[in-house]
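Encoded as C-alpha cells, the structure appears first; notes follow it.
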C-alpha cells in the first residue's frame, strides 16, 4: 500500500489507517488483485479502495494550518498589491502638485514610472522558474523580500526620474516573481477539496493591498505612503519564515523526512500521511524514469495543452478591458455627477474588488472554475458593451447622455465585481494546477511572463487604440475579445475542482475517468 518505508527513514513508523484495520486492508488488496486478474468488478474494487483511503485520511486532516500557510504566502501578494496601486494616489503629489520630490516629473515620464513595473515583472518570471526548483518555493519567496526593500528605498529617496525607473523595475521583479511562486506554493500545500479557496487568497490579497494603498494614500504624503509600503515586505518575511516548505518540492529533492514533517505541519499529527507520500513518490518516480530536458518536457502533448489553456486565460484576462475600465473610472464617476471625489472613487472600486474576490474564494471550490470564468466573461462583455455605447453616444452628442450617468457607473461596478469573481483570480489559481511537477516552474513562468507583457502592451497602446477607434470602439473591441474568451473557456478549459494534481494531469492526457479510476497511490490501471 505504501513505499514510504523504503524511501525514507520515517517509514518504520506504524502505517495504520484510522478506522481501517490491517486485516481489512489485506482483504481489500487481495480482492483488488483478484479483480485485476480475473476482470470481475475491477472498477468497483478500485473505487472502494480509493474511497477507503481518502475517507480515512481526509477526515483526520486539519485545514487551519493550511489556511495559515496560504495566508502567510499571500502576504507577498499583499505587498505586490501595494506596488500595483501606488501609482494612482501618488500621481497627484508627483505630477499634479509636484511636491513629492525635488525634481519635476512629466505625465509622459510618470506613465513610464508606472510601466517599468510591468517590464520588471515580465523579465523575472522565467528566471524565477529555475530558482523555484533549485532552492525551493519557501526560500525563493523569502529572498524576494530583498528586492522589495531595495526597490522601495530607491523610490523613497529617488534623486531623479531615472532612479524612479530603476526602483519600479526592481519592484516589478519582486512583484512578478511572487505572481509565479505564491500560486505554485499554495497549490502544492493544499488538499484538493480546499485548494481552490486557498489559491484564491493570492488575488484576494492583491486586491486588499491595492485598497490599502488607496486608503493610506488619501491621508498620507507620497513619502510616508511609500515608507509604509516598504515595511510590509519585511513583515511578510518574518511571518513566512515559520511556514513549511512545499512537500512536493521536498520529495523532488529526496528529502522524504522533511516532506513528512511538512505534511504533518499542514494536516496535523493524526493525519495518515502514507498515501499522500506514496502518491508524491509515485509521481516523482514517473518523472525521473521519463526525465527529459525542458524543451522535451514542453513538447509533451499534455504540457502543450496545459500551456495553451494557461496562456489563453492570461491573454483574455488582460484583454478583457480591465485596464481601460480602471483608466476611465474617475471620468465615469465625474460624468455621472455622483459627487464622489477622484480619491473616493478609486477607494470604492478597491472595496468592490476586495468583496467580490472574497466571494470568489468562498465559492470557487463549490461552483468550480469553469462556471466562474463563463459567468464572469459573459457579464463583463455586456458591461464593456454598455460602457462603449455610453462613450459612443457622448462622442456623437454630449447632450444625449445627460440623463445616462447611471449606465457607465452601473456597468463599471458590475464589471469590477465579475472580473474579481472570475477572470481576476482563476487564471492565477489554475496556473498552479495545470502543469506537471517537472515543468511547473518553467511553464508557470512562461504564463506569468505572458501576463505581464500583455499588461505592458495594453497599457502603452491603450491611448493609440482610443485615438484610432474612439472610446466607444475601444470598449467594444474589448467586449468582442471577452466573448471569444467565453467560447475558449467553454471549449478548452477543464474543470479542476475537487481533483488532485495527479488527476488533473491524467485528464489533460485524455483520461476523463481519472478521478474514479485512480487508486490511492496515483498509479493508473
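Heads up, the Cβ atoms here are built off N, Cα and C, so glycines get one too.
The compositional bias 'Polar residues' annotation in TrEMBL covers 1-12.
Per-residue confidence over the domain 'Major facilitator superfamily (MFS) profile' (69-497) averages 88 (mean pLDDT, predicted model). According to TrEMBL, the domain 'Major facilitator superfamily (MFS) profile' annotation covers 69-497.
Marked as region 'Disordered' by TrEMBL: 1-26.
Under the heading transmembrane segment, TrEMBL lists 67-86 (among others). Same-chain residues lying 6+ beyond the ends of the transmembrane segment (67-86) with a Cβ under 8 Å from its Cβ atoms: 117, 141, 144, 148, 171-172, 174-175, 178-179, 181-182, 185-186, 189-190, 194, 198-199, 201-214, 217, 225-226, 229, 232-233, 235-236, 239-240, 242-244, 266, 350.
The transmembrane segment annotation in TrEMBL covers 110-132 (among others).
The transmembrane segment annotation in TrEMBL covers 139-159 (among others).
Residues annotated as transmembrane segment in TrEMBL: 165-185 (among others).
Same-chain neighbours of the transmembrane segment (197-216): 66-67, 70-71, 73-75, 77-86, 88-89, 179, 182-183, 186-187, 189-190, 225, 228-229, 232, 343, 346-347, 350-351, 353-354, 357-358, 360-362, 364-365, 420, 424-425, 428-429, 432-433, counting only residues six or more beyond its ends whose CB sits under 8 Å from a CB of the stretch. Residues or ranges marked as transmembrane segment by TrEMBL: 197-216 (among others).
Listed as Cβ neighbours of the transmembrane segment (222-243) (distance under 8 Å, sequence separation of 6 or more from its ends, same chain) are residues 68-69, 72-73, 75-76, 78-79, 82-83, 86, 89-90, 93-94, 100, 138, 141-142, 144-145, 148-149, 152-153, 155-156, 174, 209, 213, 216. Residues annotated as transmembrane segment in TrEMBL: 222-243 (among others).
Residues 298, 349, 373, 377, 380, 384, 387, 412, 415-416, 419, 423-424, 426-427, 430-431, 434-436, 443-444, 446-448, 450-451, 454-455, 458-459, 462, 471, 474-475, 478-479, 481-482, 484-485, 488-489, 492-494, 508 of the same chain lie 6 or more positions beyond the ends of the transmembrane segment (306-328) yet place their CB under 8 Å from a CB of it. Under the heading transmembrane segment, TrEMBL lists 306-328 (among others).
Annotation comment: TrEMBL describes 340-364 (among others) as transmembrane segment.
Annotation source TrEMBL lists transmembrane segment at 371-393 (among others).
Residues or ranges marked as transmembrane segment in TrEMBL: 405-430 (among others). Using a Cβ-Cβ cut-off under 8 Å and counting only residues 6 or more beyond its ends in the same chain, the transmembrane segment (405-430) has close neighbours at 179, 183, 187, 196, 199-200, 202-204, 207, 309-310, 313-314, 316-317, 320-322, 325, 328-329, 332-333, 335-338, 349, 352-357, 359-361, 364, 369, 372-377, 379-380, 383-384, 386-387, 389-391, 451, 485, 493, 496.
Annotation source TrEMBL lists transmembrane segment at 442-462 (among others). Using a Cβ-Cβ cut-off under 8 Å and counting only residues 6 or more beyond its ends in the same chain, the transmembrane segment (442-462) has close neighbours at 111, 114-115, 118-119, 121-122, 125-130, 172, 176, 179-180, 183-184, 294, 297-298, 303, 306-307, 310-311, 314-315, 317-319, 323-324, 327, 427, 431-432, 435, 474.
Residues annotated as transmembrane segment in TrEMBL: 474-493 (among others). A Cβ distance under 8 Å defines the sequence-distant neighbours of the transmembrane segment (474-493), meaning residues of its chain 6+ beyond its ends; these are 308-309, 312-313, 315-316, 319-321, 324, 369-370, 373-374, 377-378, 380-382, 384-385, 387-388, 391, 423, 430, 462, 465-466.
Comparing 139-159, 165-185, 340-364 for CB pairs under 8 angstroms to the transmembrane segment (110-132), the maximum falls on 165-185.
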